[in-house]
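If you check Swiss-Prot, you get these features:
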- Gln284, Glu298: Mn(2+) 1 binding site (BINDING)
- Glu298, Asn300: Mg(2+) 2 binding site (BINDING)
- Gln820, Glu832: Mg(2+) 3 binding site (BINDING)
- Glu832, Asn834: Mn(2+) 4 binding site (BINDING)
- 133-327: domain 'ATP-grasp 1' (DOMAIN)
- 671-861: domain 'ATP-grasp 2' (DOMAIN)
- 930-1064: domain 'MGS-like' (DOMAIN)
- 547-929: region 'Carbamoyl phosphate synthetic domain' (REGION)
Amino acid sequence: MPKRNDIKKIMIIGSGPIIIGQAAEFDYAGTQACLALKEEGYEVVLVNSNPATIMTDREIADTVYIEPITLEFVSKILRKERPDALLPTLGGQTGLNMAMELSKIGILEELNVELLGTKLSAIDQAEDRELFKELCERIGEPLCASDIATTVDEAVEIADKIGYPIIVRPAFTMGGTGGGICDTEEELREIVANGLKLSPVTQCLIEESIAGYKEIEYEVMRDSADNAIVVCNMENFDPVGVHTGDSIVFAPSQTLSDNEYQMLRDASLNIIRALKIEGGCNVQLALDPHSYEYRVIEVNPRVSRSSALASKATGYPIAKMSAKIAIGMTLDEIINPVTNKTYAMFEPALDYVVAKIARFPFDKFENGDRHLGTQMKATGEVMAIGRNIEESLLKAVRSLEIGVFHNDLQEAQDADDEILYEKMVKTQDDRLFYVSEAIRRGIPIEEIADLTKIDIFFLDKLLHIVEIEDQLKVNIFEPELLKTAKKNGFSDRQIAKLWNVSPEEVRRRRQENRTIPVYKMVDTCAAEFESSTPYFYSTYEWENESKRSSKEKIIVLGSGPIRIGQGVEFDYATVHCVKALQALGKEAIVINSNPETVSTDFSISDKLYFEPLTFEDVMNIIDLEQPEGVIVQFGGQTAINLAEPLSKAGVKILGTQVEDLDRAEDRDLFEKALQDLEIPQPPGATATNEEEAVANANKIGYPVLIRPSFVLGGRAMEIINNEKDLRDYMNRAVKASPEHPVLVDSYLQGRECEVDAICDGTEVLLPGIMEHIERAGVHSGDSMAVYPPQTFSQEIIDTIVDYTKRLAIGLNCIGMMNIQFVIFEEQVYVIEVNPRASRTVPFLSKVTNIPMAQLATQMILGKNLKDLGYTEGLAETPDMVHVKAPVFSFTKLAKVDSLLGPEMKSTGEAMGSDVTLEKALYKSFEAAKLHMADYGSVLFTVADEDKEETLALAKDFAEIGYSLVATQGTAAFFKENGLYVREVEKLAGGEDEEGTLVEDIRHGRVQAVVNTMGNTRASLTTATDGFRIRQEAISRGIPLFTSLDTVAAILKVMQSRSFTTKNI
């Protein structure tokens, strides 16, 4: 049926800040949906609290609210906007849960707002374990034996009935939060206790474990006329038991017989029809490899991470189609935008293999628990396309940017057999490398299949890779074998290693005998119909489908997989760069490897190459396209790291030149530049070994800030207070980059701020200065940032503007740069300069209304600020106050310490804007899910050096009616100063937690925790009390503060919202 004309205004709820389990795929889906609805003539109102996304740009919807996704604010917006309808299935679990809450309180009914797409009853049926079980029993679809537990004892009883191993799944949590596999009653008790706490309805599903079954996913679509199709089916390399977001995934499925494929396809369509889903839906199934037995694992009645992957894998835009189905259109009347001929009813067919590998944050969190289970831990993912499994897998491996270019890992090579077996059996993020190593050592693949439950078909492909390696070692420079290796995804670097020559030599030989890649089109129909999508992947075959146009071309390098330190903000800048290039009449070509993002939507750029961001893969595209130049400023450190090798190969780098990038990144050159420009920086020195570092630190004076050069996201950076800790650091952490020296700086504990600037070579524009709430020492990405600054004198602001201009001109910056300053004793020092777009670009672009990445792109292409109507200097400051707050994913990462420091730990950000600082802070805390109760108890456990400062905060808490709880030392200090405080027992390093503060936290007797213990290295073992207290607070969902500046900020909010009661 045609689209509905009885509704005019539609509201969409976004997914909020990026956390593990809910990442950039919802920016992509939401952006697509908003544009699809606008295209059909509807007025779109968007609510989302995440400033880092394209989705929250003004032009994506008619009205955009960057406000917290809470009942309080969404209700306000509903009353103000009065939409006819609400579309909740595009904002991940956040959007769904919000729609449920709005429906429950009756506001949708009161305002006569209709829910579009899948009905709430269907969402309930899919999400509520008990209802879903009833539905599956009714339609004859098999589920795992299971029961619901609302207490730990009930869970034990159920488990005894079903038999171990048991899987625990808390109801209504995202990304498997709080769940896990239990082999014993002890494990069960622990996991269920935590799961019940995290489940909003205090329920856990206790079910039989089918670990070892194959995990298969079907991405399906259905419309209101009951047309239903399979868009894509996918198979996990890892058997059931690893969260699909953490698994290696292949599309289409590889090991299913036709009967198995049809059986599971029928089951998926049966379920989506029974649920009456309207739009996209993801069905996960488990198949017994030894029979036709299968189980339905779960259904996601919404657009998901898998649907983003399926969209990019097939070219079929699921979110866009879902939005059109929601307004009443049917699959047989929506044209497929890829072919522009076939209808959306036509199931995509693939003539290639897609591999997805997850990207994990364990390079940042060395102490994190790397074991993979039913709780998701990956921050992002990469996807690669090839003509066979070997090619797509190896391309995906080198897309990960973890320093490997093949499925071999030094640690795996160094492991003895015992460790190797252990790593194969215990699923970790790096298991692929250990399995590959086992095959290299001649362990039969049958034995590996038995141990790991990985299908022997996949292991045979890994064996094939090893066989090619063995042939390469003995047949050096053999042209036919070189072709075979390239067809199977081998990189030049890997072949060079096996031949013992340089990668340049392999590239030269390849070009001599014309072993060069061709580019194939992703067209949804396996080349059955003409297709016009400019979406390509490389492979070593005959016919090249990517035709070079006569237009002036520019290549933009994307930022690869999302990880801590390099998030969706860089994708945002990439997309804006593309828009600016198109506006200037250039052909914009994007190279990227991330399936979750907007930049890899083929409708964004003029041409999209889905390829790894390595020198070889990028260079092959440059050879074909012959662009005017390459832009590296917007792809984070990934793109910046490619600037030098590309430039050496004769490629023109547009914008700031390589030697100037070096002057900002190389310590000695940077110091010289600052001296020439007469700009102060904290005293510091470089050291290449331990003794040099110690001598430097003694000269500068402790505390020192120490880090390797050339890093993003504060990798391996620490604040060090004495020589013992310094020696420990030099022995433990400097493996981060052996050929680069270590930087030792004086640590100035002042106020920090940062500036993004745009320069055309002669003039410099500063869109704004952002003041950090947390003092220097907390990574800028983990600090709350306030714009405009609230505490700086005019003199300080003038100095910052002056230094920024000097640096931009002095470093010959063309385009964007980011500078971080610290203000110590009213003197401004420069901490660091990044000659590229930074993670604050989206936030600052939105609050100043200056399209920074687009402007910078125009500068890179030779335009100047004056011509574009901008005056140099600091842009005018708006009346509102805006706060950017970091958002963390600690609940998903066991054994990772949440104490903030110079190493970045946040996965996303939220924003709050209002007329006063207090109101903006309140919104940003709410948006970041840091909700403080109006009254209750606050627990203080602080280091000795923080006690004085904590006293004032404690007094403020008491003043607004909070009770104070503290451990012995802190309590005594509070009492001496006239405060009433309840004393609790410390942990005293023992296991017995009875009567201690941990018990208080566990039983909800504490509403907030202020904890600064463990800042010094001496106590950084994970067993420290401070760490255990922080873990407990996080697992209980209790607001935790490890920086006193954040506490002061939230107190400001609470004071502004409470009335004081004073006697006269």
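Numbering starts at 1 and runs along the chain as displayed.
Including glycine, each Cβ sits where the backbone N, Cα and C put it.
The two recorded residues Asn834 (Mn(2+) 4 binding site) and Gln284 (Mn(2+) 1 binding site) have their Cα atoms spaced 43 Å from each other. Calculated from their C-alpha atoms, the gap between Asn300 (Mg(2+) 2 binding site) and Gln820 (Mg(2+) 3 binding site) amounts to 43 Å.
Take the CB of Asn834 (Mn(2+) 4 binding site) and look out to 10 A: across all protein chains shown you find 22 other CB atoms.
By neighbour count, meaning other C-beta atoms within 10 Å, the densest spot among the binding-site residues Gln284, Asn300, Gln820 is Asn300.
Counting every protein chain shown, the Cβ of Glu832 (Mg(2+) 3 binding site) has 17 other Cβ atoms within 10 Å. Neighbour density for Glu298 (Mn(2+) 1 binding site): within 10 A of its CB lie 16 other CB atoms from the protein chains shown. In the three-state DSSP reading, Asn300 (Mg(2+) 2 binding site) counts as strand. A separation of roughly 46 Å, to the nearest angstrom, links the Cα atoms of Glu298 (Mn(2+) 1 binding site) and Gln820 (Mg(2+) 3 binding site). Secondary structure of the domain 'MGS-like' (930-1064), assigned with DSSP and counted as helix (H, G, I), strand (E, B) and coil, comes to 59 helix, 21 strand, 55 coil. The average pLDDT computed over the domain 'ATP-grasp 1' (133-327) stands at 93.
On a Cα basis, Gln820 (Mg(2+) 3 binding site) lies 46 Å away from Gln284 (Mn(2+) 1 binding site).
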